[in-house]
Structures are given as structure tokens and as C-alpha cells.
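Peer 1: This is the structure, below, for whatever I ask next.
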Amino acid sequence: MSPSEQPKKRPKGGVVRRSADASASAPAPAAKKASAGKKSVAKGTAAKAPAGKKTAAKKPAAKQAPTKKVTAKKVSVKQGARPRPATVVPEPTVRTYFAESGGLRPLVGLTGALAVAGTALLVVADYVPYLRLDGQEVSAPISVWSILGHVLLLALALIAGGALIVGRGGRTAITALVPLIALAPGKLLIAWYDGDFLLTHPGLEYYFGTAYTTTAIEGLAGRAIMMAGCAVLALAGLTAIAAWRTMTERDLIPLEGARYFPSGAAVVCAVLAIIALAVPAAVPAVQKYTDPSGFVLTRDIQAPASAVSIGGVALAGGIVLMVGWLVAGAFVGSRSTRTALVGGLVGIAVVAGSSALFNLRDVLAGPDVVGGPRLYLYAAAGVLAAVAAVYAAKSRMPERDELVSDAVAEPV
């Protein structure tokens with residue numbers, strides 16, 4: 001064997017320089033955990049294989065493994081942390097609005113019981129004589145419109161108050177009762193004025209759409225029941241304030257940006273109701289007659305008073321009524337959770353709608369008046385609140401459809 005054919009000995013130490021082709025065809029280093037025996041077998045096999053076969057065998061290994069395209073995510077995940085799996089937001093159902101109330105159970109149940117009792121007393125007061133004016137009994141006229149208004153009020157009180165009694169509804173039920181409770185002090189003052197303070201009464205007043213002479217006034221059972229119902233509702237407001245601080249609710253279906261229209265609608269409804277109280281309850285009907293000389297003249301009829309056009313306790317009651325509407329609209333509009341906002345809008349729709357129905361009852365029963373701005377303003381407030389409640393219950397924010405928010409406690 002010639003010296004050129006003899007195999008060259010590889011030095012034990014130092015650096016072995018390879019050409020580019022040899023480096024490409026060289027076997028990849030084995031894993032650290034591989035055993036020494038496996039390394040020897042791999043080296044022997046590689047040494048016996050021809051150079052061409054080595055290159056062919058290693059070509060597939062030189063190709064890069066296919067990589068998956070990573071799409072950009074809105075939510076950044078820390079390196080090494082497992083991303084939270086996306087959860088589909090549940091659709092709101094009836095059960096969503098009647099979750100466990102939490103808080104002090106006796107106090108929450110007492111709030112519901114007082115709300116139901118106070119509303120029931122207000123309804124009963126319309127079916128018994130209210131006043132006696134100059135020897136003539138005065139009571140609220142009964143019609144299909146008044147019955148419908150009473151049904152709306154009772155439904156609101158029974159559903160929201162009944163839910164609180166059994167420990168459900170929580171802040172949603174209380175928010176629904178806020179419009180009913182906030183108006184109770186003003187109604188109490190007006191009912192007190194109706195049967196007392198004779199010196200501050202004008203000579204002619206409208207009760208339930210009919211003009212009466214008010215030179216002698218005597219309160220009857222209807223007025224007493226009305227005042228009792230208002231007092232019970234005011235007491236329900238005090239217990240609701242105490243119970244509110246002990247409650248929290250989990251907002252699984254947040255409104256995010258979609259809450260601006262419902263919140264604004266609650267405030268607008270309150271403003272419409274305040275304007276309705278500031279204008280006369282009805283408009284005098286145009287009545288013409290022919291005088292003895294043959295001229296056709298228009299009969300002069302005194303217009304009903306507004307809530308703030310009579311002095312004394314009646315003026316205080318009208319102002320408190322306006323403040324009650326303002327408080328109800330601001331409180332409902334400030335709710336940040338879907339369930340509470342929907343409940344409050346339903347309460348505004350029921351109270352404003354029932355007020356419009358009672359005004360329509362009085363207008364149809366009174367021979368000297370016709371419907372005026374108060375009727376239309378109350379009706380507009382009720383319709384707007386109902387539309388906003390449906391919108392708040394159905395709307396969804398696209399960017400939040402795959403997320404579930406954490407527990408959210410309403411601000412006090």
C-alpha cells in the first residue's frame with residue numbers, strides 16, 4: 001500500500017477543518033441523552049457509507065421543518081404562560097335577571113315585601129272613595145285604561161318584589177323598583193294636601209279630570225290608603241338603600257360601549273316626565289254656545305293646574321315628584337351592568353306608561369278637558385324606556401363576544 005493510500009490518522013485534539021461539502025454532508029450531532037453505544041454505531045455507519053450516499057441521505061434533513069403561521073392576537077400572552085381558552089358569552093335568559101341576591105337575606109326580603117304591599121295599597125286606593133268635596137264624594141273613575149295601568153304596576157311590584165322575597169333578583173330587582181319608590185314621597189305630600197290645608201286650595205280644582213268646588217274638603221278612605229301606600233313605599237326605599245350595600249353581582253354579559261344609548265334614554269325619560277309635571281294635566285275642551293243675541297261664543301273653562309302651580313304643600317309635593325324622577329333617571333342611567341340597566345328601564349317604562357294611562361282615564365272621564373302635552377310626554381317616556389330596555393337586553397359588542405368578564409360590583 002502506497003503512502004498516499006494509507007488512511008490519515010485524525011488527531012485526538014485540535015480542530016478538524018472541513019470543506020463546505022463535507023460540512024454539509026456531515027451527520028448532525030446526536031442528542032445529549034443518547035447512549036455511548038448508539039453514538040459508536042452511528043459513526044461506524046457513516047464512515048462506511050460512500051460520500052454520494054451520505055449527501056443523499058442527509059438532504060432531507062437539511063430541509064427546514066414546515067412552520068405554522070402565527071396570527072397576531074389582540075391579547076398579549078406572557079412568554080411561557082398558557083393562554084386562557086376563549087369562552088363563548090352566554091345569551092341572556094330570564095334566569096340571568098333572577099340570580100341569587102346575596103347580601104342580608106332578611107333585609108332584602110323585607111324590601112320586596114314592602115314594595116309589594118305599598119303598590120297594592122296604591123291600587124286599592126283607586127277603588128274606594130277618595131274625598132268628599134262640598135258634600136259630593138269623589139273617587140277615581142274605573143275604565144279599561146285604569147285597570148291596565150294597575151296591572152302594570154302590580155306586575156312590576158309582584159315580579160321584582162317577589163323575587164327579592166325569595167332571595168333572587170338582587171340589584172336588578174331593586175333597580176326596577178327605584179322609579180316606583182322614588183315617586184312615593186311626592187305622591188304622599190300631594191295626597192296630604194288634597195284632604196287638608198283648606199285655606200290654600202283655590203275655589204275650583206280638578207280631580208280625576210272633573211272640576212269640583214273646594215270650599216269644604218273631607219278626606220275619605222281612599223286618601224288614607226293612598227297615603228299609607230306611599231309611606232310603605234318610602235320605607236321600602238330606606239331598606240333598599242341598606243340592602244344595596246351588601247349585594248354584589250356577577251356581570252357575565254357586559255354592555256361595554258352599547259350602554260350609552262340605554263343610559264342616555266333613562267335620563268331623557270326622566271326629563272320628559274319632569275316636563276310633563278310642569279305642564280297642566282289636561283287642556284280645556286273648546287265649548288261653544290250661542291248667546292241670547294245670536295252670537296256664537298266660546299265658553300271660558302279654567303285649565304287644570306300643573307304639579308307646581310299651586311302653593312303650599314302641593315307645591316312641595318310637585319317639586320319632590322320632579323326630584324324623584326330625576327333621581328330615578330340618573331340612578332338607572334348610571335348602572336354599568338346589563339341586568340341592572342335593563343331592570344331599571346323596565347321600571348321607568350312601567351311607571352311612565354301607567355301614568356300616561358291614568359291621565360288618559362281622567363281625560364276621557366272629564367267632560368271639560370281633552371288630552372294635552374302631559375299625556376303625550378308620559379307616553380313618549382314609556383315607549384322610549386321600553387325600546388331602550390329591549391336594546392340593552394339584545395345588544396352585543398363584537399369585540400367582547402368571546403370573553404367573559406370577571407366579577408363586577410356595582411358602585412354605591
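Here the Cβ of each residue, glycine as well, is placed from N, Cα and C on the backbone.
Small disclaimer: the values here were computed from a predicted structure and weren't measured.
Sharing the record's features from TrEMBL:
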type	residues	note
COMPBIAS	21-54	compositional bias 'Low complexity'
REGION	1-87	region 'Disordered'
TRANSMEM	107-130	transmembrane segment
TRANSMEM	142-166	transmembrane segment
TRANSMEM	173-193	transmembrane segment
TRANSMEM	224-244	transmembrane segment
TRANSMEM	265-286	transmembrane segment
TRANSMEM	306-328	transmembrane segment
TRANSMEM	340-360	transmembrane segment
TRANSMEM	375-393	transmembrane segment
Peer 1: With CB pairs under 8 Å as the measure, which of the listed stretches 142-166, 224-244, 306-328 comes out on top against the transmembrane segment (107-130)?
Peer 2: 224-244
Peer 1: Count, for each of 142-166, 224-244, 265-286, the Cβ pairs lying under 8 Å from the transmembrane segment (340-360), and report the range with the highest count.
Peer 2: 142-166
Peer 1: For the transmembrane segment (224-244), could you work out the same-chain residues 6 or more beyond its ends whose Cβ comes under 8 Å from its Cβ atoms?
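Peer 2: Long-range Cβ neighbours of the transmembrane segment (224-244): 103-104, 107-108, 110-111, 114-115, 117-122, 124-125, 128, 130, 171, 174, 177-178, 180-182, 184-185, 187-188, 191-192, 412.
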Peer 1: Do the transmembrane segment (375-393) and the transmembrane segment (142-166) come together with 3 or more C-beta pairs under 8 Å, pairs six or more apart in sequence?
Peer 2: no
Peer 1: Count, for each of 142-166, 173-193, 265-286, the Cβ pairs lying under 8 Å from the transmembrane segment (306-328), and report the range with the highest count.
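Peer 2: The stretch I would name here is 173-193.
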Peer 1: At a C-beta cut-off of under 8 Å, are there same-chain residues at least 6 beyond the transmembrane segment (142-166) that contact it? List them, or none.
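Peer 2: Cβ under 8 Å, 6 or more out: 98, 101, 108-109, 111-116, 118-120, 122-123, 126-127, 173-174, 176-177, 180, 343, 346-347, 350-351, 353-355, 357-358, 360-361, 364-365.
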Peer 1: Given a Cβ distance threshold of under 8 angstroms, which distant residues of the chain, six or more beyond its ends, lie next to the transmembrane segment (173-193)?
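Peer 2: For the transmembrane segment (173-193), the sequence-distant neighbours (Cβ-Cβ under 8 Å, at least 6 residues beyond its ends) are 98, 101, 111-112, 115, 118-119, 153, 156-157, 159-161, 163-164, 200, 223, 226-227, 229-231, 233-234, 236-237, 240, 243-244, 247, 307, 310, 312-314, 316-325, 327-328, 331-332, 335, 340-341, 343-344, 346-348, 350-352.
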